[in-house]
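As recorded in TrEMBL:
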ACT_SITE  Cys398  active site, phosphocysteine intermediate
BINDING   Asn311, Lys312, Ala313, Lys314, Asn336, Ile337, Cys398, Ser399, Asp400, Gly401, Trp402, Asp403, Arg404  substrate binding site
COILED    580-607  coiled coil
COMPBIAS  22-37  compositional bias 'Low complexity'
COMPBIAS  38-47  compositional bias 'Polar residues'
DOMAIN    186-563  domain 'Myotubularin phosphatase'
REGION    1-63  region 'Disordered'
Amino acid sequence: MDRKSASDLLNVENSHSKHASTDSLASDSKSSSLNSKLGQESVNVTESGPPSRPDDPPLLPGEKVQGMAREVTYLCPYSGPARGTLSVTNYKLYFRSMDRETPYVVDVPLGVVSRIEKVGGASSRGENSYGIEVFCKDMRNLRFAHKQENHSRRNVFEKLQQFAFPLSHKLPLFAFEYTESFSENGWTVHEPIAELKRMGVPNDMWKISKLNESHEVCDSYPSVWAVPAAATDEDLRAVAQFRSRGRVPVLSWIHQESQATISRCSQPLVGVSGKRSTADERYIQLIMDANAQSHKLFIMDARPSANAIANKAKGGGYESEDAYQNAELVFLDIHNIHVMRESLRKLKELCFPNIEESRWLSGLESTFWLKHIKCILAGAVRIVDKVENHKTSVLVHCSDGWDRTAQLTALAMLMLDPYYRTIRGFEVLIEKEWLSFGHKFQQRIGHGDDHHSDADRSPVFLQFIDCVWQITQQYPNAFEFNDYFLITILDHLYSCRFGTFLFNSERERVAESVKQRTVSLWSFTNSTIDAYRNPLYWAGGMQQQVLVPVASMRHIKLWKGHYCRWNPSMRSQDPICQRTRELLVLKDQLERQVEECRRELQARVARNVATPPRLASPTHS
């Protein structure tokens, strides 16, 4: 398929502008207010047909209206109350005001909803005191007031509960009803064996194993592993017995020149008695021996040392340097999922709905969010340093190896390998290090269930994307994608429109036939890829091979474009997306001019070669 030029995209964007105000995460994931401000409605290029009435919601293929209430008031914390029609579909909540010359639109996928509460009772008095409050996973809350005499609240509340939490009501997630087709098939983006071959595996020291093809050895691991060539299937089974959840050390990335590697696993089951496993010790030695450049291995334990010691009481723990010869253990001091959840809760209170100007910096510091981001980045930088500068292999784990471990391996690979900084390469990185290695998206995000206070919820993947954004700020020319791409990924992490982030593991996704029954997020992004391109990207030989961001509080900053995007006082006046597309158009024009100049110069040279030089006249004395 021919890619649309940037100028075509710009024309499409301009021609679709509908001049309505919005607080929406639009149906085609123009999700952020980055590309919609007050006075401009998000574009909906994928609706299945124009609404028959102005207050009817635009619908995606497979989307159906489930309930509607008129004379509902949206209580916007910034522009005041707006009265209009509230619709609930099997995918979204859609409000459109009818009392303003420029309609105000709220368009929110129900997957974003964390909880719903009724406000006010039968005895409530006063304007707008009776209604519904919707708490969202994306940093905002929405409040709608109903007229008591209309008796509309109960129906809307029930429909919202049903379709925001379909799994709790024995209903399918919207991804299984969504029927849109795209020109690209995102399910083919990551082919595990092709990706290993890109890295030069198999080779003399590493082989591809399909021991876990039916997910019997480890139910949260992928079916294809790269393991030391000398390791037998019996070795791998024995090691799985000694590692938490059977998560054996396997290869994530290999340095093509030095053969230094990044491997990942879970904690060893040493317990309080300090148990040892000869099979595990021998296997770790094989990983060390696979790198001829170094006779040492660094074991990067993501946890604070106190937490790792406490885990011994539960049967876990960490590697003893006495048992693992030539291995050095380093604790990276990254806190657990519960600490991160509490940090995000504080950040949300700080950013929405009102920002207290006089206490902004002290309030931000008290959330510890930026400190956590710094710790994760600093850990990844240490891994990169060992692999790149010391040519030493690194083994990474936390407790179970599916949260902090994924953050560290994915970030280190992003810094080491320019391929992962392309749009398609970044998609592969997410598929590989997060999805196939069993990050528990279902438990951490809570897709379709109403257990909003579940202790397993945590913003682990959000922190990873935040860290990626931090690196793009320090290296603005190194990434093919822009921050709109990152925000689109985060919005659809919650939306349940695509099958990509559903369930907890590859095994569960295979059992649910996710690839056959749902659409991949990458089908959507790769069919509109120009919207996500960074106009400042330096491709080819101009790329910096290894990125080493400064992991210091002096350089880490709050990603306002994401966390504060619902607050008009904090977001840019012009949509960043629009400016990026304008820059892409300008870049296209300049590249064409350069090409024309080059052709003209070549033509001149060719003419000069074709025309024989005139002989000089003899000089007569």
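Think of each number as a place in line: the chain as shown, counted from 1.
From the backbone N, Cα and C atoms, a Cβ is placed for every residue, glycine too.
Structure with TrEMBL features highlighted.
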| residue | record | contacts (Cβ under 8 Å, 6+ apart) |
| --- | --- | --- |
| Asn311 | substrate binding site | Gln267, Arg303, Gly317, Tyr318, Ser399 |
| Ala313 | substrate binding site | Val272 |
| Asn336 | substrate binding site | Arg303, Asn307, Ser399 |
| Cys398 | active site, phosphocysteine intermediate | Ser266, Gln267, Asp301, Ala302, Arg303, Ile334, Arg404, Thr405 |
| Asp400 | substrate binding site | Ser244, Arg245, Arg247, Ser266, Gln267 |
| Trp402 | substrate binding site | Ser220, Arg247, Ser266, Phe437, Gly438, His439, Lys440 |
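Within 10 Å of the C-beta atom of Arg404 (substrate binding site) sit 29 other C-beta atoms, taking all shown protein chains into account. Here substrate is bound by Asn311, Lys312, Ala313, Lys314, Asn336, Ile337, Cys398, Ser399, Asp400, Gly401, Trp402, Asp403, Arg404 per the record. The longest Cα to Cα distance in that group is 21 Å. Averaged across the coiled coil (580-607), pLDDT for the predicted model comes to 87.
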